[in-house]
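S.K.: The structure follows.
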Amino acid sequence: MKCGFVLKAHSVTTMLFHANLPRNMIENSMFEEEPDVVDLTFPALDPDEVTYEPRSSRLLVRGLGENDMDDDEEDCESSARLLGMSFMNRSSAHRSNSSPYTRQAPPRSCSRPSSRTIVVCVLFLVIVASMTMVLYFLPACTFTKAGCPKPNKTNPIEPVYPISTNGELFPWAQLRLPQSIKPLSYDLTLNPDLDKMTFTGRTVINMSILHSTNRIVFHGANLSITKATFMASDVTVLEYKPRQQLAVNFSEELKAGQYCVLTMEYSANFSNTYDGFYNSSYIDKDGNKRVLAATQFEPLSARKAFPCFDEPAFKATFLIKISRKKTYMTLSNMPKAKSTNLSNGLVQDEFEKTSVNMSTYLVAFIVANFTSITKNVSGTQVSVYSVPEKIGHTEYALTITSKLLEFYNNFFDINYPLKKLDLVAIPDFLAGAMENWGLITFRETTLLVGNESSLLEKQVVASVIAHELAHQWFGNLVTMRWWNDLWLNEGFATYMEYMSLQEVSLPNYSALDKDALSSSHAVSTDVNTTEQVEEMFDSVSYEKGASILLMLNASFPGDQQFRKGIIEYLKQFSGLNTDTDDLWNSLTQTDKPTHHMNVSQMMTSWTSQKGFPLVTVNLMGNQVTLTQEHFLLTSDNTTHTLWNIPVTYVNDSCSLAPECRQVFTLKNKSDTFKLSKNVTWLKLNYKSTGFYIVDYGKDGWSALTEALSKNVSVLTHEDRASLIHNIFALSRLGRVTFRQVLNLQKYFSLETETSPVMEALLQLNNIYRQLEKRQESNLASQVHKLNTNQTWDKEENVSKQELRSALLEMACSLNDENCTHQATSLFKKYKDSNGTIRIPGDLQQTVFTVAGQSDETWDTLFNMYVHATYDSEKRKMLKGLASTQNPQRLVQILSSGLRGSLIQTQELPLIISTMCQSFAGCLFAWDFIQENWDRLIEKFPIGSFAIQTIIKSVTSQSSTQAQLNKVQAFFSGLKERGSQMRSVQEALETIKLNRDWMDRNLPTLRRWL
C-alpha cells in the first residue's frame, strides 16, 4: 500500500507492541528510617564479612547522614563518635570579688615587665605546652629505633550493626545476604482468607552450612512471626525493616557441613499493591464482585509472602500446600499432587515438589475460580486460564503457545523440564507478564484475544508469550547471579521473542535514544540498593541487551554458530547462576575451532560501559576511512574504552540481498580499508543489526538522499528507517544541520513501507509536541500536511494495519475533516448496534480517540468502558477517554484511576502517557503528579517501570528553561522519595537537550514552515 505525503505535524500514539512491558513492577521500600546504634559490642566476624559493600550501602551512626560531609570527614567523625571522643570547652575559673578576706598589696619594689618580656614568656609557655601534648598523645613506639608498625590495610573496617525492631543488635549490615548458608528446600503451607484479606503460613527451610557461623540472615517483609524453631528448639527471630531482613543468632557456632532446619509460623495481610501475595477482584457477568489472590515476586517480593533467602543465587526446591474454600481452585508452579478435606470445611491442595531448583522470585501461586482449556504438547500439559466469562478468548494463546513450545524445545536442544505449563490471565495485574516457572501470569490484554481480533492485536499476544516462554530457559533454567546482570534474562528473552516470530523486526531505537544520555548505565552495572534493582528493568536491559546479541549473531560465520554457542551455555550452566563473563567465555569456546574472533574480548566493550559508538565514514573513491567516538548528547568526564565494532556495509552496486553485505571490524580509533572498485555511496549497518549510529558526512548524506529520491527501493526498508533515525539523532547532537534533515525528508513522498514511515512520524511528532508545549501553536499546526486516501475496511496485512492505524490516528488528531467524519460515523454504528458491529481492531484507537473529544460521546464511551469485557478494546477506550481536553473529565479519570474504582490503578501510567500527548492534558497530569506523588509511590515502587513511564511522559516533550526549573525544583524536593532516581536525571537531561535543540533550530523551523 502506498501513502504519499509531505510530512508537516502529527499526533501518533506509540504502538503497544513497540513498548514491551517489563515483566515486573513491584513495590518495596528501602531505608525507611535511620538505625539507632546503642550497643557497640560487635559479634565476631565470620568469613562473609571479609568483603564489604561500598560506603553508600553501610549504615552509619545515627545523626550522620550519608551526604552530610565529605568521605574523609565522614570517616573521622564516625570514628570519633564510635570511640566516644569529644572536645571539651575549657573555661577559666573566676575568683569571687566578694571574699571576706583581703590581701595586702605587695610592696612596689619590683618593676613592671616590658611588653617584649611578656611576649617571649607567652611563646615559651606555648612551646612547652605543645611539646608536652605531643609527648603525651603520641604512641611510645614513635621514639623507638624500629618505629611504629604500619597499619594493616587488609583488615576490613568493622561494620556498624543496625538495631532490630525489638531493640537488639541486628547481626548483619549489608544489602546482600551472607554466603554462609545455602537453602536446599522449602516446605510452604499457606492459609489465605479471602474474606478477611489475611493469610497465615508455615515455612520449613532445610539448609546447609557452607561456612561456620553463629547467625542465619534471610528475608521477610510485613510478616508477623508467631513462632520459630531451629532443630526443634525455640529461637528468636530478629527483624531489620529497612532492608527487609530477618535473623537468628546462636550462642554456639554452626559448623560448616552441618545440615539444619528452620521452621517459622507467621501471619500477614494481603498486599494492597501489585506485589507479594496480593488480592485482586473483578465483576462477573451477573454484576457480582469476585475476589481472588495471586502473586508477583520479581524482583524482591517473595519475602512478602514467606520468609526466604530472596536473592536469585539462592536456588532451592519448593513443596507448596494451600488451603481454600471448596468454591475456589488453586494453582502453583507444579501439578497438583492431592487434595485433602480439612476439619474446618476447607480443602488443602498439595502440589508436587519442584523437580528443579529455582530462585524465589519464580515461585507463584493463585487462589481463584478460573476456568481453562488444555492441550498436550510433546509430553507437557499446556493450559490457558481466565475468568469464566472470557474463556472464549483463550484459544489463540493456547495455539501460539503450543507452536512456540515445540520451537524452543528444538531450538535449544533442551526440552522444557516441567510436567505442565500454565498461562493465566489475571484481571488486576501491573506488569505485562511474569515468567514464573510453570505458571506464567499475564495481564488480560496481553493474553486474551477473540476470533474477531485484528492481526495486530494477535501479534501483541504472540510477542509477549514468546518472551515469557524464552524465559523458561533464559532466566529460569539458567539465572543471573545478581540483578546487575538482569540483561542475561531480559536481553535474551527479548532477542528470542523477535527471533521466534520472524515477521517482527528487532530494531528498537528507544534503547539508542536512552543510551545516548550521560545518565544512562552499562548493560552490566553495579546494583547496590533496592531502588537500583527496580531501575534495571528498562530499555537498556531489554532492547540494548537484545540488540547486542543480534549484532553478535550477525558477526558469526553461518547461521548456526551463535545457536551452538547458546545451547552450550544453557547445557553447561543448567540449574545454575551466571554472570556476563560466563556467557562470553562459553561463546568464545564454541568459536575456537574457527578462530573467527574472541567473543569475550569483543563483547566486553559493549556490556561494561554505557553508551555506544558514533561511526564516521569518509569515502574517497575506493578508499574508506572509519572513525569511532562515543555518541553522547551531553558531555561528561567518563573515560570510555574503544568499542570492538563489527561494521557491516553495502554499496550502490549491491545493496539489498544478504550476500551484498560486507564486514569490517573497527577496533581502533580510526582505520582504513579499500573496496574492490570505486563506488558512489556506502550504507553502513546493514539492516540495522549493529548498535551504533553512522555519520556519512555532508557528501555522503547528499549521495544517499539523491539515490533514494531516484529509487526508494535501492535500500531495504530497515536501512531506510535507520537512515531516518540516524540523521535526526545527529541533528540532536549538532553534527548535522536541520536543513540536512529536511533534505532527506524530500524522498518521503515515495515511501511505501511501514518502518520508515513510522520512524519519520515518531521523530516529527516529537518536534510537534515540543512546539505545542512551547505554545507555538501556529507553528505546530503546520508541521504535517497529509495527503492519503486510507481505507476504513478490514485489512488483512499486519504491516499495513500498523501503518494505516498510525496515519489515520495522525490525521484525526489534526482534525482532518474526512478522517473525523469517518471515525464519528463508525462510532455511531458501533453504539447503535450495542457492540454487535465491530470496529476493525487497527482502527479502534482512532475511532475511540475521536469519540473522546466530544462531551456527549465521551459519556457514551465511558459507559461502554465500564461495561466492556473485551480487554484490548477496553484499553483503547481508556486511551480515548484520556485524550479529552475537558478539564473536568481529565480530573475524573485521574481520580478514578488513583482510587482504583471504575478504572484500575494499574492503568494510571497509560492514562498519564495519553494525556501528555496534548498541552492541556500534560498540564493537568503534571499537577496531579505533584499533588499525589506520595500516593503514587505507595502504589508503584520508586524506580519501577511504572514510575519511569510517568516521569518520562510528563517531561520528555518539555523544552524551555521555565519548564526545566519547575521539574528540577519538584524532584529535588523529594529527597529520599525519588530525587536520586536515574529516570529523574534522564528527564532533566532530556529537557536541557530539547531546549538547546530548539534554540538552535527554531529559526530554521520557522523559515521551513
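Glycine too: its Cβ is placed from the backbone N, Cα and C atoms.
Automatic, uncurated: that is what TrEMBL annotation is.
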S.K.: Any idea which of 91-113, 574-596 is down as region 'Disordered' in TrEMBL?
M.R.: 91-113
S.K.: Tally every other Cβ atom lying within 10 Å of the Cβ atom of H471 (Zn(2+) binding site).
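M.R.: Other Cβ atoms within 10 Å of H471 (Zn(2+) binding site): 25.
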S.K.: Within 10 angstroms of the C-beta of H467 (Zn(2+) binding site), what count of other C-beta atoms is obtained when all protein chains are considered?
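M.R.: By my count, 28.
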S.K.: Note down the number of other Cβ atoms within 10 Å of the Cβ of Y542 (site 'Transition state stabilizer'), including every protein chain shown.
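M.R.: Excluding its own Cβ, the number within 10 Å is 29.
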S.K.: Among the recorded positions H467, E468, H471, E490, whose Cα is within 10 A of the Cα of Y542 (site 'Transition state stabilizer')?
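M.R.: Close recorded positions: E490.
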